[in-house]
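Features as listed in TrEMBL:
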type: BINDING; residues: ASN40, LYS56, GLU110, ASP111, LEU112, ASP245, PRO246, GLU247; note: ATP binding site
type: DOMAIN; residues: 206-262; note: domain 'Aminoglycoside phosphotransferase'
type: BINDING; residues: ASP228, ARG344; note: substrate binding site
Amino acid sequence: MTNYTTLDNAQALEYVKTQTQLFSDDANLTCYEFGDGNLNLVFRVADQHHNSVILKQALPYARCVGESWPLTLDRARIEASVLIKHGTICPDTTVKVLHQNNELAVTILEDLGHMQILRSELCEGRKFDHLASNIANYLAHTSFFSSDFYLDAQEKKALVQEFTNPELCAITEDLFFDDPYRVCSRNNFAHGLSEQVTKLHHNNALKLAVAKLKSKFLSAPQALLHGDIHTGSIFVDDKHAKVIDPEFGFFGPIGFDLGSFIGNLLLNYCAQNARAKSLPQRRDIHAYLLKCIQTCTSEFEQIWLTLAQTHTKDLSFQTKGYAEYFVKQVLRDAFGFCGTELIRRTIGLAHVADIDGIEDEHARLNVQSQALQLGEQLILQAPHCKSKEDLSQLLLSLLL
Ligand SMILES: Nc1ncnc2c1ncn2[C@@H]1O[C@H](COP(=O)(O)OP(=O)(O)O)[C@@H](O)[C@H]1O
Ligand SMILES: CSC[C@H]1O[C@H](OP(=O)(O)O)[C@H](O)[C@@H]1O
């Protein structure tokens, strides 16, 4: 931690002014901090002409908990490096890195302030036709081109080392796979859910399925993941989607990212039971979210198989049928991981605004209860699905 110091507004401004050439010398800069995430500081630095950049700085602890939860500054290096790697593969879907300083855990990013955070938009019932395709394309390309299908084995192993992210992975291991399934002080749920949560703690079949997912998360370095792709890590406008915040990035199971994304669409789906202003509006947004999940899943599969057919370098993986076998397992994993996201966002430490923002307590409890049941059934049943059609049928049957 040699030269590290936490920046305030004035220091962030000074840093941009003196350490970068992002603005002209006569620029009249202003700066304010406006981060609302769980972990880091986020500053906006702007000049008198409304040109602006984002300076993100990691704190030596988790912002949402405080200094009692120390956290590695190396996450800033990981985040910037994942953005750069994914940005070379999918420049249109990844926020641009303008400057990186690992010692200060500072990254300067293009300002996406002209776009909106997807979670808030979905909460308002807004829909984006391009979303599912954009994200499917991003997830398929970034995972294929960082996988053993494409990379030489030596090159891949060097990357696995570069992107080793043990502290942030430990958070996911705890929050996704351990805490929700036992009594734990980090868990956070209303008294009204206690009976359901106690049943969940005693459901051995569920815990067994979760153990299998955890094992996959721990020991399947299939591709360089975003690691935390939820609807709060995606900016959208009418035409584009841009991904931010991959500080949990590491080489892990490909289905984890797809599952996290789908899981957040489903959290919104459950929340709409209380949020939508009328029955037709609820039906409309439900239909949209389901379509998004189906499109994202099928386009992900289709793009992956096309890339595998045209770009697989590994001789053994070129064998007829292997790519199909591999992707089927990725989709099964995705729906299982999706179930763990639903459960951990409902009773674990970190919730989502889609559900926590529901004012009526009774309505909120019903939504939470639905999210828990949906998560449980996806975890239990996804491993038995043989195709994406089976997974889609499973989801439909659970949402009826
Ligand atoms: N490139 C960006 N452009 C505009 N706003 C951003 C950008 N990156 C982050 N933000 C804002 O800062 C908030 C927190 O950023 P995020 O990367 O999610 O932080 P954390 O790592 O703490 O979760 C986002 O919800 C968004 O409002
Ligand atoms: C103590 S970290 C909790 C939670 O926060 C992260 O989300 P974000 O940084 O995007 O707000 C991640 O999902 C972690 O699981």
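Numbers here mean position along the shown chain, with the first residue as 1.
Any Cβ shown, glycine's included, is placed from N, Cα and C.
Automatic prediction, not curation, is the source of TrEMBL annotations.
Features as recorded by TrEMBL, highlighted on the structure.
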{"residue": "ASN40", "record": "ATP binding site", "contacts (Cβ under 8 Å, 6+ apart)": "LYS56, GLN57, ALA58, LEU59, ARG63, ALA76, GLU247"}
{"residue": "GLU110", "record": "ATP binding site", "contacts (Cβ under 8 Å, 6+ apart)": "VAL53, ILE54, VAL95, LYS96, LEU98"}
{"residue": "ASP111", "record": "ATP binding site", "contacts (Cβ under 8 Å, 6+ apart)": "ARG44, SER52, VAL53, ILE54"}
{"residue": "LEU112", "record": "ATP binding site", "contacts (Cβ under 8 Å, 6+ apart)": "ILE54, VAL95, PHE235, LYS242, ILE244"}
{"residue": "ASP228", "record": "substrate binding site", "contacts (Cβ under 8 Å, 6+ apart)": "THR172, ASP245, PRO246, GLU247, PHE248, SER260"}
{"residue": "ARG344", "record": "substrate binding site", "contacts (Cβ under 8 Å, 6+ apart)": "LEU175, PHE176, ASP179, PRO180, ALA350"}
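Look at GLU110 (ATP binding site): DSSP puts it in a strand. In the three-state DSSP scheme, PRO246 (ATP binding site) is classed as coil. Remark: secondary structure over the domain 'Aminoglycoside phosphotransferase' (206-262) totals 25 helix, 10 strand, 22 coil, with classes taken from DSSP. Not one of the binding-site residues LYS56, LEU112, PRO246, ARG344 has a CB under 6 Å from ligand 2.
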